[in-house]
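Student: Before we start, here is the structure in question, set down as structure tokens.
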Amino acid sequence: MAAPLPACSRRLLPLSLGLFQGALLLFFAVFISYDEPSARAEDANLVANQLHSIFPLFQDIQVMLVVGLGLLLTFLPHYGLSAVAHNFLLLNFSTQWALVLQGLVHHFHHGQVHLDLHNLLTAEFAAVTVLISVGAVLGRTSPCQLLIVAACEVPIYLASEWAIVTRLGVLDVGGTITIHVFSCYFGLGVSKALFGVARRPVHPKETPTARSDLLSLVGTVILWVFWPSFVAVLCQPGDAQHRAILNTFLAMSASAVTTVVASSLLERDGKLSPGHVQNGSLAGGVAIGAVADMAMLPVAALALGSLSAVACILGFRFLTPLLARKLALQDQCGIHNLHGLPGILGAVASTVAILAASEDTSGSRFSQVSPVGGNASEAAGGRWGDRGAGGQALCQVAGLAVAIGGSLFAGLLAGTALRLPCLAQPPEQLCFDDSLYFKIQDQAESPGPGSTAEEGALALKE
């Protein structure tokens, strides 16, 4: 049984979270308010229609992040309780932190920040980047370290998203570049800076079991079902949103089928790898985000979903071991394969789709609501006439470069900060173990043979 954490480490988490929540209460009391209800009947009806159109999609995204993503991370058999609980904690912490930053930067007028459902939704998009990034260091970090990652990543994401969408005018309605690519390389940067150049051997508690793989696959299925809502929620209602839902479903359906084909062919006995199915089935949803609302042929969505699944599985089979061997890069959940490679593929697909589209239909084909506020078609599509399709394609490439370079550099800095001793990084012997952070009743009643508190204390001292 794992030894208890030192007193200073036990107090650091509740103290820091308590101070954060207290400061947030004060900030909300002084600056946050709701919009005044409209007295005009037509305005009230408009608000009601907007609420009814966006709230079901918002609920779908809640299920994705809390249930689907939480269960997806339970593939570690002795770390499932920690994975789900820390995912839930980070979602709430990051969303509140993003609400504060967004309110101060984008919605602060006359000394007040007016809060609405759209603000909350875009704040959760910022939280998604944190949930993805920590997958690279899952099981080898303490809750305090995860909170530091969230505190650092949310403002960097908001700045990156503003630069990519508002300044460069990149079209990315589903967050392929701004969310998936950014969070992937931020997480890899954190991992590299935190763990250094030493290659870590496989931990005995790291190997999934049949039960943990089953729970993780349930999470995959939940994410697969609700993913179209995540992609389409910020699209302009109407044709663009309709196209986004259809294209996302087609891409994810193709990636699910292609995953089975590719995984079976790569295994000598023809059996499926659970890790391939858990991740490859979602790769189409990552790649399609940059082109989901574009008026392309259905076969293009199917092809993109299949290619992204192949890229994801080949990444797990060949690229991850290569990066671990050559660069000593730790990627616990394979976020580079699920979010990085399909994200880059989706960004490339967006440049091809833009070049293939005729300029006279650009305004109707490409429109989205920017997560930082405003209409991205005004920032991007509105300037397309000046820059042309070639210029817009170059902006897509530039946005991809900014997302990769900026997030990787910021991740390296954040990972360096995580090496502070006060953040209580667990020693190698105690990684991937729920009992380090939670009371496990059966273990408390019947500790395993050869597992004593003294041994755990010695490991912590090391």
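From the backbone N, Cα and C atoms, a Cβ is placed for every residue, glycine too.
No curator has checked TrEMBL annotations; they are predicted automatically.
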Student: Given 88-108, 340-360, which one carries TrEMBL's transmembrane segment label?
Tutor: 88-108
Student: Taking 3+ C-beta pairs under 8 angstroms (sequence gap of 6 or more) as contact, is the transmembrane segment (88-108) in contact with the transmembrane segment (246-266)?
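Tutor: No, these stretches are not in contact.
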Student: Short question: which residues 6 or more past the ends of the transmembrane segment (286-316) have a Cβ under 8 Å from it?
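Tutor: Contacts with the transmembrane segment (286-316): 171-177, 179-180, 231-232, 235-236, 240-241, 243-244, 246-248, 250-259, 262-263, 266, 273, 275-276, 279-280, 334, 336-343, 345-347, 349-350, 353, 356-357, 361, 364-368, 396.
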Student: Ranking 12-34, 146-165, 214-234, 246-266 by the number of C-beta pairs under 8 Å to the transmembrane segment (54-76), which range is first?
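Tutor: Comparing 12-34, 146-165, 214-234, 246-266: 214-234 has the most Cβ pairs near the transmembrane segment (54-76).
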Student: How about long-range neighbours of the transmembrane segment (146-165): same chain, 6 or more residues beyond its ends, C-beta under 8 Å?
Tutor: 13, 16-17, 86, 89-90, 93-94, 97-98, 101-102, 105, 126-127, 129-130, 133-134, 137, 172, 177-178, 182-183, 186, 190, 370-372, 376, 379-380, 399, 402-403, 406-407, 410-411, 413-414, 417-418, 423
Student: For the transmembrane segment (214-234), what are the same-chain contacts with Cβ under 8 Å, counting residues 6+ beyond its ends?
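Tutor: Residues 54, 56-58, 60-61, 63-64, 67-75, 80, 121-122, 173-175, 208, 241, 244-245, 248-249, 252, 256, 274, 277-279, 281-282, 285, 288-289, 292-293, 368-371.
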Student: Same chain, outside the transmembrane segment (246-266) by at least 6, Cβ under 8 Å from its Cβ: which residues?
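Tutor: Contacts with the transmembrane segment (246-266): 174, 224, 227-228, 231-232, 272-273, 276-277, 280-285, 287-289, 291-294, 296, 298, 301-306, 308-310, 312-314, 317.
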